[in-house]
Amino acid sequence: MSRLRNSAQLQLSKKESLGDNGGALNTTRSSRQKQGKYGFTRKCGRLVKEQRARFYIMRRCVVMLICWTDHNNNNSDHS
């Protein structure tokens, strides 16, 4: 008896989460194809942004180390 109640509650919660019109079940084929294409574009864009940020950080670190090394070498020459 409790299993029937749980399954009925589970089915009710699924219907509630999808809404009255079925939600994602009414997605047309063309909109699914667009989502796939734009999803790929978004993923690529995100990866490009991430790699650009990593490259920027690495470049800043290298410049900082070069400047720090030059500064230390200049100070040791005078001592």
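Every residue gets a Cβ built from N, Cα and C, even glycine.
Pulled from Swiss-Prot:
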COMPBIAS  1-12  compositional bias 'Polar residues'
CARBOHYD  N26  N-linked glycosylation site
CARBOHYD  N74  N-linked glycosylation site
REGION    1-37  region 'Disordered'
REGION    39-70  region 'Required for DVL/RTFL small polypeptide activity'
TRANSMEM  55-71  transmembrane segment
Distal contacts, the transmembrane segment (55-71) - CB-CB under 8 A, six or more residues away: none
The region 'Required for DVL/RTFL small polypeptide activity' (39-70): DSSP-derived helix, strand, coil residue counts: 32 helix, 0 strand, 0 coil
Cβ atoms near N74 (N-linked glycosylation site) (within 10 Å, other residues, all chains): 9
